[in-house]
Every structure is written in structure tokens, then in C-alpha cells.
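One structure is given here, and the rest of the page talks about it.
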């Protein structure tokens with residue numbers, strides 16, 4: 001059991017908010033919203049949040065707080081044969097850390113490049129630019145935009161930061177970019193010193209990393225609202241297209257967005273809640289933090305699209321033409337270019353990319369969850385903990401190359417556990433969601449992704465088929481832990497199948513210990 005606790009209640013709330021409010025809120029929600037009917041998308045988004053995301057969010061907080069265990073050790077209190085799910089969560093957290101650390105390394109590169117009077121992605125006279133580089137705004141009367149034109153921001157991202165032009169494809173990775181490698185090393189150093197003393201340090205770090213992005217979003221929102229053409233972006237963002245609601249893809253995107261935004265099932269909420277006092281009102285915490293998350297996504301849409309409206313006004317193009325890119329490209333190309341053409345561009349560039357680093361740093365608590373869970377499970381000391389981080393760094397350097405389970409004795413027992421903690425049991429709504437709606441919600445997401453795999457491309461480069469196969473293998477690498485541990489548990493544990501799978505004596509002893517603790 002976890003014996004350490006948060007120093008203050010606000011440390012926990014800011015940690016959860018910082019984890020849930022991540023890069024996806026800034027770049028993915030606005031893009032998904034306008035792609036799926038604008039204001040009409042808010043209806044399926046809210047429905048998926050109420051009936052899917054928030055109940056799972058609440059359940060994970062309650063489980064972690066009651067059992068005071070991480071994503072591996074908690075299964076001995078629930079159903080020991082499914083302990084492999086905990087190991088699968090750790091592997092997924094590892095992959096998430098790779099992704100977010102790489103994004104933060106890119107953002108750090110942009111941040112360091114911002115400390116100059118003229119931002120390097122503003123002009124076309126740099127060594128990485130091509131003859132097709134075109135810096136075009138409505139004030140440039142002698143410049144015309146053609147089908148072959150490429151913005152200086154796009155060339156800076158592709159040819160200077162990623163340097164993808166030096167490799168013909170994934171079959172030839174090329175050398176590690178030493179600039180990005182140094183940025184990645186610095187990010188890992190910051191991550192290490194943010195989590196090396198557990199919640200005592202991470203609980204203090206989030207006072208900066210979780211609040212600073214909101215300050216920057218507010219500044220960018222005010223600045224964006226005062227730019228010419230900002231209203232065009234807002235109208236494009238919110239104009240409802242009710243016909244979109246008749247397509248399956250809209251509901252799939254809403255389910256996926258709310259799931260990956262709130263982040264249940266990744267073990268982080270379990271870890272955070274395990275440090276709470278036993279009688280902490282996790283029900284209220286779940287409602288508050290999930291509401292803040294959804295409102296932040298909605299606010300980020302205004303921040304992004306006021307600037308996209310400005311870019312459309314300056315280029316004398318439609319907003320849909322300017323907003324053609326999604327994901328990281330939306331931040332590192334479109335938004336970076338918009339900032340470069342604002343007054344006081346250096347200041348806004350610095351605070352914007354610093355905000356991206358802060359958002360990524362909060363989300364990298366998944367790495368903390370992964371390592372602290374293993375440390376608690378196998379009693380790793382700080383030296384081994386450091387070695388784990390170091391090994392993760394070397395694995396992550398490859399990114400710099402140029403190329404629902406039965407709850408103990410059922411829902412009734414779980415609701416009794418919640419009543420023991422909070423003084424009241426979950427209502428009928430929550431029970432129905434946990435038993436029926438949430439499993440359907442998850443199956444809908446998984447089934448849709450398997451049935452309609454996304455096309456993987458980077459601009460004009462279409463990734464080969466073997467990369468899709470590799471992606472599925474990476475996904476299976478986490479899932480394979482579940483049946484593998486089942487076999488291991490059945491082979492190494494004596495008794496009948498029912499005794500082995502549930503290990504009731506341990507469950508009864510655990511419940512007795514928790515009751516004595518109360």
C-alpha cells in the first residue's frame with residue numbers, strides 16, 4: 001500500500017488537471033471539432049463525456065484512492081489473474097512518454113530559436129530554404145501564391161527541425177540529429193528532477209506547469225481576438241453542420257477525443273488517487289477536473305481559430321485552406337507562422353512554445369506512473385530508477401533520426417467501497433454507466449479503429465504498409481501481457497481455477513486491512 005500523501009489537496013487537483021489537459025486539447029480538439037460539424041460536434045462530444053469519459057474517470061480515481069495501489073499491484077485486490085493489465089498499462093505509458101518527450105524536444109528547439117529579433121521561420125533566405133519557399137501575405141503585392149509554393153514555416157519544420165529531406169523513407173533512418181538529441185537530453189533531465197522524489201516534487205512542479213498554460217492561453221486569446229479577420233476563424237470553428245451527426249465518424253471522433261483527453265485507463269489517475277487521504281471526496285474531484293478539461297478544449301479552439309482567421313485574412317484565402325494541417329503541423333507550421341507575422345512576434349513565440357513544453361511535461365507523468373509502479377512492485381532503488389530513465393532516453397533517441405474487468409465481487413461491492421470512503425454510494429446513473437454504457441463505449445472505439453485504420457502519411461510521404469503492420473505489433477506488445485500473465489499465474493499458483501483466478505483469501509484479507517485502516 002502507498003503510505004505517502006499529497007502535501008496539499010491543490011497539489012492533487014493541479015496534477016490531475018495538468019495530466020488531463022495536454023497537447024491534444026490544444027491541437028486535436030479544435031481540428032476535430034471543425035472537421036466534424038463545428039458547433040454540432042459539441043453534442044456528441046458532451047454525450048460521450050457524460051456517459052463514457054466522466055464515469056471511467058470517476059471509477060479510476062475511486063479505485064486508486066480505496067486500494068492505495070498503482071496499476072500493477074491494484075490487481076491483487078481486484079482479480080489477481082488480470083495483473084497483466086497493469087504491465088500492459090506500463091508499456092503503454094512507455095510509448096506515451098516517447099511521443100510526448102519528442103514533441104517537447106521539438107518545442108524546445110523552437111523555443112531556443114525564438115530568442116532573436118527575426119524568427120528563422122519568417123524568411124526564405126536561410127540555408128535550408130528551397131526556390132519554392134514563398135513568404136506571402138496580403139501586403140506583399142509583388143508575391144503570388146502558387147500550387148508549388150511552400151511557406152518558410154513549413155520548410156523550417158520539415159527541412160531544419162525534422163530534416164526529413166535527408167532520408168528517402170523509414171527504411172533508411174539516417175544519423176541522429178544532434179540538435180534534437182541535446183534538446184531531448186534536456187527534457188529528460190527536467191522530467192527526472194520533476195519526479196525523482198515522487199509526489200513531494202511533482203506536486204510542487206505542477207503549480208507552474210499546470211497554471212502557466214492557462215495564463216498563456218488567456219494572453220493568446222486576447223491577442224487573437226484583436227487581430228483582423230479573427231471573427232472568420234471563430235465562425236468557421238463554431239458554425240454547425242447538423243448533417244455531420246448522421247455519420248459514424250463524428251461519433252467515433254467524439255468518443256476517441258473525450259477518452260484520450262480525460263485519459264482514463266492509463267494508470268496515472270490510479271497513481272495520483274492512491275496518494276489521497278482515504279475519505280477524500282474523489283467524486284467531487286472527478287466532476288471538477290473533467291469539467292475543467294472539457295472547458296479548456298473548448299477555449300483552445302478560440303485560441304487556435306482566431307489566429308487561423310487572421311492568417312486567412314492576411315493571405316486572402318479561406319480558413320479551410322489555411323487550416324488544412326492537423327496534429328503537430330497545426331502548431332509547428334500554421335500557428336508558428338501566424339505568430340511570426342504578429343507584432344511582438346518574439347515574445348509570443350517564446351510564451352507559446354514554453355506553454356507547449358509545460359503541457360507535454362504534465363502529460364509525461366505517465367512516465368512517472370510507469371517507473372514508480374515498477375519501483376513499488378519490485379522495490380527498485382533510486383539508482384535503478386535512474387538507469388531506467390537513462391535507458392528510456394537512449395530508446396527515445398530513435399525519434400530524433402531523420403526518418404473493463406469484473407470489479408472484485410461486482411459493481412455492488414465496488415459501490416460499497418465508495419460508500420465506505422465518501423459516506424454515500426454511487427447512484428443508479430453511475431452503476432448503469434459502469435456496467436453497460438462504458439463497456440459499449442470502449443468496444444465502439446476499439447472496433448471502429450480496427451475496422452477503419454487511419455491512413456498514415458507525412459505531407460506527401462505515404463508510409464509503407466510494413467509501418468502499419470509494425471504499428472499493430474506495437475499495440476499487441478502491450479495487450480500480449482494480459483494472456484501471458486494469465487498463463488504464468490495459472491501455472492505458478494496452486495489450487496482450483498476459481499481459487500487461483502480470484503484468490504479470495506487475499507481479497508478478504510485486503511478488505512479487512514482497509515477496514516481496519518478506516
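Each Cβ is built from the backbone N, Cα and C atoms, and glycine gets one as well.
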TrEMBL annotation (transmembrane segment) - matching range among 136-163, 332-359: 332-359
Which range of 12-30, 373-391 is transmembrane segment, per TrEMBL: 12-30
Segment assigned the feature transmembrane segment in TrEMBL (from 175-193, 232-250): 175-193
Residue 133 (disulfide bond) and residue 261 (Na(+) binding site), Cα-Cα, nearest whole angstrom: 36
The transmembrane segment (84-112) touching the transmembrane segment (464-488) per 3+ Cβ pairs under 8 Å rule: yes
Proximity verdict for the transmembrane segment (251-275) and the transmembrane segment (84-112), three or more C-beta pairs under 8 Å: yes
Local Cβ density at residue 124 (disulfide bond) - other Cβ atoms counted within 10 Å: 16
